[in-house]
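To start, the structure under review is shown below, and the notes come after it.
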Amino acid sequence: MPMAKLRNIIKTLSIFFFLIAATAPSLSSATSATDTFVFGGCSQQKFSPASAYESNLNSLLTSLVNSATYSSYNNFTIMGSSSSDTARGLFQCRGDLSMPDCATCVARAVSQVGPLCPFTCGGALQLAGCYIKYDNISFLGQEDKTVVLKKCGSSEGYNTDGISRRDAVLTELVNGGGYFRAGGSGDVQGMGQCVGDLTVSECQDCLGTAIGRLKNDCGTAVFGDMFLAKCYARYSTDGAQHYAKSHNYKTNYGGEKTFAIIIGLLAAVVLLIIFLLFLRGVCSRGGDFSILHSFTLI
């Protein structure tokens, strides 16, 4: 093979490798807003490996993942021979997610809740984009305003105008309808959502409590989260990018590691192609390894 042609192939492969490396981080960041870990919890009651409940729980989690491909909320009950063997569970995606993003989020939540809650009968996991919960104790359709997570930022630099805008946004959330509510005013963004097993009136009551607690407990904080067992309300003062940074949320499944593995595999493929082209050049010269002395990448 002519050396000029070989060099052109190598240059093309190098450009391709660079484009993959340049675009992969942006593709990863597109999902980070839904995949970030918020909180998780497990029940104290355990089940035995290979038990009837474990089988029912696996069926339940599979149903959650499958259902998330076409619905943003659903709940299931997998009946057992006894109440303690019956698995109950639900998932809830954030109201502004597309179906593919919802399905991806729920699948990742399910993959993480097992290691988080090994052999526990109950578990719950909240990612930024979705929520899953399961237990062998009945909880579906029951309003629960227990505070699960409260997080408030600092009040430094938050002026009276900012507080007024924050209060206006939270009032808008209280007065809004539906199970998912979002709004903003200037640099203040707010969001609230109920789990879909609540009635409309229960949702309104739950969100009203969450927002009231958010205003009282976080005061003049630049951001605030109030997660109750069946609803949440949150606000930030300068949009989603600051929101993620100021909360210091981290994913639990190593997106950076996955990216590094992909880049490593691509590099190996490029090197293999270069090596095969090199061998072909050697063979075409009848085994003349003098090509080694003139071989230059670029």
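The backbone N, Cα and C atoms fix where each Cβ goes, and this holds for glycine too.
According to Swiss-Prot, the feature signal peptide maps to 1-30.
Residues or ranges marked as topological domain 'Extracellular' by Swiss-Prot: 31-258.
Residues or ranges marked as domain 'Gnk2-homologous 1' in Swiss-Prot (evidence: sequence analysis): 35-139.
Applying an 8 A CB threshold to same-chain residues 6+ apart, the list for Cys42 (disulfide bond) reads Leu116, Cys117, Thr120, Gly122, Gly123, Ala124. Under the heading disulfide bond, Swiss-Prot lists Cys42-Cys117 (among others).
Annotation for Cys93 (disulfide bond): spatial neighbours Ala68, Ser72, Tyr73, Asp101, Cys102, Cys105, Val106, Gly129, Cys130, criterion Cβ-Cβ under 8 Å with sequence separation of six or more. For Cys93-Cys102 (among others), the entry in Swiss-Prot reads disulfide bond, with the evidence type sequence analysis.
Other Cβ atoms within 10 Å of the Cβ of Cys105 (disulfide bond) number 24 in total over all chains. Annotation comment: Swiss-Prot describes Cys105-Cys130 (among others) as disulfide bond, evidence class sequence analysis.
Taken from Swiss-Prot, the feature domain 'Gnk2-homologous 2' covers 140-240, and the record attributes it to sequence analysis.
Using a 10 Å radius centred on the Cβ of Cys152 (disulfide bond) and all shown protein chains, the other Cβ atoms total 16. Per Swiss-Prot, disulfide bond is recorded for Cys152-Cys218 (among others), and the stated evidence type is sequence analysis.
Around the Cβ of Cys194 (disulfide bond), a 10 Å sphere holds 27 further Cβ atoms from the protein chains shown. If you look up Swiss-Prot, you'll see Cys194-Cys203 (among others) marked as disulfide bond, on the strength of sequence analysis.
Using a 10 Å radius centred on the Cβ of Cys206 (disulfide bond) and all shown protein chains, the other Cβ atoms total 24. Positions annotated as disulfide bond by Swiss-Prot, on the basis of sequence analysis: Cys206-Cys231 (among others).
Residues or ranges marked as transmembrane segment by Swiss-Prot: 259-279.
Taken from Swiss-Prot, the feature region 'Necessary and sufficient for plasmodesmal targeting' covers 259-279.
The feature topological domain 'Cytoplasmic' is assigned by Swiss-Prot to 280-298.
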For the disulfide-bonded residues listed here, Cys102, Cys117, which shows the highest count of neighbouring CB atoms within 10 A?
Cys102
Looking only at the domain 'Gnk2-homologous 1' (35-139), what is the mean pLDDT?
97
So among the disulfide-bonded residues Cys218, Cys231, who's got the most Cβ atoms within 10 Å?
Cys231
Here the disulfide-bonded residues are Cys130, Cys203; which one has the lowest number of other Cβ atoms no more than 10 Å from its Cβ?
Cys203
Could you put numbers on the helix, strand and coil content of the domain 'Gnk2-homologous 2' (140-240), residue by residue per DSSP?
37 helix, 31 strand, 33 coil
